[in-house]
Amino acid sequence: MAKGEGAESGSAAGLLPTSILQASERPVQVKKEPKKKQQLSICNKLCYAVGGAPYQLTGCALGFFLQIYLLDVAKVEPLPASIILFVGRAWDAFTDPLVGFCISKSSWTRLGRLMPWIIFSTPLAIIAYFLIWFVPDFPSGTESSHGFLWYLLFYCLFETLVTCFHVPYSALTMFISTEQSERDSATAYRMTVEVLGTVIGTAIQGQIVGQAKAPCLQDQNGSVVVSEVANRTQSTASLKDTQNAYLLAAGIIASIYVLCAFILILGVREQRELYESQQAESMPFFQGLRLVMGHGPYVKLIAGFLFTSLAFMLVEGNFALFCTYTLDFRNEFQNLLLAIMLSATFTIPIWQWFLTRFGKKTAVYIGISSAVPFLILVALMERNLIVTYVVAVAAGVSVAAAFLLPWSMLPDVIDDFHLKHPHSPGTEPIFFSFYVFFTKFASGVSLGVSTLSLDFANYQRQGCSQPEQVKFTLKMLVTMAPIILILLGLLLFKLYPIDEEKRRQNKKALQALREEASSSGCSDTDSTELASIL
């Protein structure tokens with residue numbers, strides 16, 4: 001009976017037209033609706049943005065206070081201290097492509113490909129950071145050599161570990177959403193929090209260790225100098241209080257670091273691209289590096305931002321000396337810095353609105369160039385505190401654009417790269433790590449140029465007044481040199497090919513690629529189901 005039923009069924013099937021038979025077999029294949037636009041909630045964006053604070057908190061504290069800490073609190077000699085700072089910066093720049101290479105070789109896990117780096121580097125990073133601000137009791141006569149090795153080791157170790165946090169965090173921009181607009185919005189949130197991080201880092205470190213200043217005495221020529229004798233006769237209790245103040249500040253910043261990392265880990269989930277997930281393994285690093293460095297839009301973008309970053313870093317690196325010696329606003333430096341950072345914080349949302357309304361290239365031209373008139377004003381004006389505050393607030397507007405725009409434009413370059421090289425997964429960390437590398441390279445160049453220029457101008461170390469040529473050199477480093485670099489950077493941005501029309505085309509092409517990958521995945525699933533049924 002069963003055999004006869006099977007024969008009738010086969011015979012009926014043979015009488016049906018092929019098209020009808022195929023249609024009758026298809027009900028198991030449900031046509032999937034196009035995916036709705038992926039929208040990140042405000043909570044998701046805030047959790048992502050908070051992850052940018054640790055790098056800025058620690059970097060700001062180290063940038064402004066490590067030198068004076070090594071010299072006056074840890075009692076490291078000036079030459080070893082300068083070696084620690086220089087080697088630390090050089091190592092910091094080197095670790096970015098190194099970590100980018102390691103991440104590109106990482107495989108996807110249940111937590112993602114980037115999150116494990118963030119999770120496992122965090123506890124080690126805060127331990128290394130805390131030990132930077134700890135003064136060990138070395139045996140008598142070995143303080144100088146042992147102290148040099150101690151601070152060099154933990155400074156380089158911390159820079160390595162914080163890079164293991166920051167490079168994957170930067171690359172995470174590409175994996176929080178497949179929508180350009182959502183990534184841009186999340187980047188704006190991130191830049192706002194990062195600027196707030198610099199403000200908080202400066203405030204915490206500055207307020208807690210504000211009393212950690214070497215005493216000054218009037219010398220016979222009428223100039224105020226740091227008294228070596230006073231430093232040596234400083235009471236042990238007072239020095240111990242200063243050391244404890246640095247440890248307290250380090251503990252608070254380390255706690256904020258952990259809290260921010262915890263929020264990031266809980267609130268953000270990596271999203272893997274469909275067309276990438278179909279690739280068996282990541283592209284070899286050096287092959288990916290050749291492709292990335294051969295991608296024209298990326299080279300033009302980092303070249304433009306290399307010049308503009310160098311301009312702003314010249315201002316940043318010499319701002320304290322400029323306020324102290326050229327403008328003679330010794331007691332206003334922290335307040336002026338706070339005015340710049342608060343202005344940047346409040347104007348980042350405005351720049352985010354501007355770039356979505358008028359385009360990113362337009363935002364670059366207006367945002368970066370807006371600093372030029374105020375830099376000219378600083379170069380020409382006489383000493384005036386009110387005008388200086390106005391310039392500081394206006395400078396914050398440009399700083400906000402300089403913070404936001406590179407990180408908003410990098411994802412566009414990566415999207416363009418993926419369209420040209422769709423079978424090259426794992427290259428995102430290379431893009432971000434080498435951008436950070438070139439940024440830190442610019443920081444090192446600005447430090448070297450500034451120090452050399454001041455040395456040629458006969459800068460008097462530890463003095464509270466300087467020769468006129470030093471004041472003039474500082475004015476050039478803070479005004480004319482940045483103006484020239486900004487103009488060169490803007491000229492390079494003229495060559496940058498990804499405008500708003502190109503972005504829209506890339507967005508449509510990427511969407512088509514995702515839909516193709518999705519339908520391919522559905523076909524593979526249906527084939528597997530059919531095979532199991534048969």
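Using the three backbone atoms N, Cα and C, a Cβ is placed for every residue, glycine included.
Swiss-Prot lists 1-39 (among others) with the feature topological domain 'Cytoplasmic'.
Taken from Swiss-Prot, the feature transmembrane segment applies to 40-69 (among others).
The feature topological domain 'Extracellular' is assigned by Swiss-Prot to 70-80 (among others), with experimental evidence given as support.
Within the chain carrying the transmembrane segment (81-101), a Cβ under 8 angstroms from the stretch's Cβ atoms is held by residues 66-67, 70-71, 117, 148, 151-152, 155-156, 159-160, 163-164, 167-168, 285, 429-430, 432-434, 436-437, 440-441, 443-444, 447, all 6 or more beyond its ends. What Swiss-Prot lists as transmembrane segment is 81-101 (among others), and the listing cites experimental evidence.
According to Swiss-Prot, the topological domain 'Cytoplasmic' annotation covers 102-113 (among others).
The transmembrane segment feature in Swiss-Prot is assigned to 114-133 (among others).
For 134-148 (among others), the entry in Swiss-Prot reads topological domain 'Extracellular'.
Beyond its flanks by at least six residues, the transmembrane segment (149-173) meets 48, 51-52, 54-55, 58-59, 66, 70, 74, 76, 83-84, 87-88, 91-92, 95-96, 99-100, 103, 114-115, 117-118, 120-122, 124-125, 128-129, 131-132, 136, 183, 186-187, 190, 261, 264, 268, 270, 407, 410-411, 428-429, 431-433, 435-436 of its own chain at Cβ-Cβ distances under 8 Å. What Swiss-Prot lists as transmembrane segment is 149-173 (among others).
Within the topological domain 'Cytoplasmic' (174-180), the DSSP-based counts of helix, strand and coil residues read 3 helix, 0 strand, 4 coil. What Swiss-Prot records for 174-180 (among others) is topological domain 'Cytoplasmic', and it gives experimental evidence as the kind of evidence.
The transmembrane segment annotation in Swiss-Prot covers 181-212 (among others). Residues of the same chain lying 6 or more positions beyond the ends of the transmembrane segment (181-212) and with a Cβ under 8 Å from any Cβ of it are 38-40, 44-46, 48-61, 64-65, 68-69, 72-73, 173-174, 242, 245-246, 248-249, 252-253, 256, 334, 337-338, 341-342, 344-345, 348-349, 351-352, 355-356, 399-400, 403-404, 407-408, 411.
Marked as topological domain 'Extracellular' by Swiss-Prot: 213-232 (among others).
Here Swiss-Prot flags C216-C464 as disulfide bond, drawing on experimental evidence.
As annotated by Swiss-Prot, N-linked glycosylation site applies to N221 (among others).
Swiss-Prot lists N231 (among others) with the feature N-linked glycosylation site.
Note on the transmembrane segment (233-266): residues 47-48, 50-51, 53-54, 57-58, 61, 65, 69, 72-73, 115, 118-119, 122-123, 125-126, 129-130, 132-135, 165, 169, 200-201, 204-205, 208-209, 211-212, 215 of its chain, located 6 or more positions outside it, place their CB under 8 angstroms from a CB of the stretch. The transmembrane segment annotation in Swiss-Prot covers 233-266 (among others).
Annotation source Swiss-Prot lists topological domain 'Cytoplasmic' at 267-297 (among others). The predicted model assigns the topological domain 'Cytoplasmic' (267-297) a mean pLDDT of 72.
Taking DSSP states H, G and I as helix and E and B as strand, the topological domain 'Cytoplasmic' (421-430) has 3 helix, 0 strand, 7 coil. As a quick check, the transmembrane segment (470-493) and the transmembrane segment (384-420) miss the bar of 3 or more Cβ pairs under 8 A, pairs 6 or more apart, so the two do not touch. Here the transmembrane segment (40-69) has Cβ contacts under 8 Å with residues 81, 85, 118, 129, 132-133, 155, 158, 162, 165-166, 169, 172, 176-177, 182, 185-186, 189-198, 200-202, 204-206, 209, 212, 246, 249-250, 253, 256-257, 260-261, 263-264, 266-268, 320 of the same chain, all six or more residues outside its ends. When each of 114-133, 298-324, 431-457 is checked for Cβ pairs under 8 Å to the transmembrane segment (384-420), 298-324 comes out on top. Remote same-chain residues near the topological domain 'Cytoplasmic' (174-180) are listed as 37-40, 44, 48, 112, 114, 186, 268, 270-273, 411-412, 414-415, 428, 503, 507, 510, 514 (criterion: CB distance under 8 Å, separation of at least six residues from the stretch ends). When Cβ-Cβ distances below 8 Å are used as the criterion, the topological domain 'Cytoplasmic' (355-358) is approached by residues 181, 184, 404-405, 408 of the same chain, each at least six residues removed from its ends. Using a Cβ-Cβ cut-off under 8 Å and counting only residues 6 or more beyond its ends in the same chain, the topological domain 'Extracellular' (325-335) has close neighbours at 202, 206, 319, 383, 385, 388, 464-466, 470-471, 474-475, 478.
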